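I have placed the structure first, in the form of structure tokens, so that the comments after it can refer back to it.
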Amino acid sequence: MTQDVVRVPGAPASLAALMAGNARFVAGAMQHPRQDPARREALLGGQHPAAAILGCADSRIAPELIFDCGLGDLFVVRLAGNIPDDLARASLEYAVEHLGTPLLVVLGHSQCGAITAAASAADGSGSGEDPCAERTCAERLAEVLRPAVEEARGGDAPGLQGAGLVDCAARCHARRSAAALRSSMACAASGTPRAAVVAAYYDQASGRVELLDP
């Protein structure tokens, strides 16, 4: 558990609960907690999610299921490539400032289509492109993810290609995104974190979530 997590009250318990829920998911022993009519009624008075998740829009990556959580447990922001753009950050900051959420998790995953596209775009960059042409939304998305692809290619295994490259880049991107959020979540006055921020990686084959070192 990182020092960042330990320093924020409530964050260690929230992270432990997430990982326990993921262990149940991996084992096929989900409890599907807090999903009954009584829970719905209790939430009419407000929400106090224990964690916020910045995840991918991929339909296979559903945090509430992966962490075996119930209604009101998670504040989830999902978009292709789990990119912490201004709108995503605004949502996450709302969770921290107004809902008291102590933990933010950036959740990358295996076989990420957005990163696959970014890797393909990087391979073909500059070939026959019109510099005056307006880029499509997909091209802009690939450009945002490109630094993670380049970091993966220049790391400990520079010969990575294909699925290996994509999965390594997904981990790199989760770490980079968490670092960016960690900086923005620090209190300007004291430098202490308003919320703990961790990077994680979900393996679709096993169902397991791996916490990544900062």
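Cβ atoms are placed via backbone N, Cα and C, with glycine included.
Computed from a predicted structure; not experimentally measured.
In the three-state DSSP scheme, CYS112 (Zn(2+) binding site) is classed as coil. Note: CYS112 (Zn(2+) binding site) has non-local neighbours CYS56, ASP58, GLY81, VAL166, ALA170, i.e. same-chain residues 6+ apart with C-beta under 8 A of its own C-beta. Annotation comment: TrEMBL describes CYS56, ASP58, HIS109, CYS112 as Zn(2+) binding site.
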Residues satisfying Cβ distance under 8 Å from HIS109 (Zn(2+) binding site), sequence separation of at least 6: GLY55, CYS56, ASP58, ARG60, ILE61, ALA170, TYR201, TYR202, ASP203, GLN204
Zn(2+) site shell beyond CYS56, ASP58, HIS109, CYS112, criterion: Cβ within 8 Å of Cβ centroid: GLY55, ALA57, ARG60, ILE61, GLY81, ASN82, GLY108, SER110, GLN111, GLY113, ALA114, ILE115, ALA170, TYR202
Other CB atoms within 10 A, centred on ASP58 (Zn(2+) binding site): 18
CB contacts for CYS56 (Zn(2+) binding site) [other CB atoms within 10 A, all chains]: 23
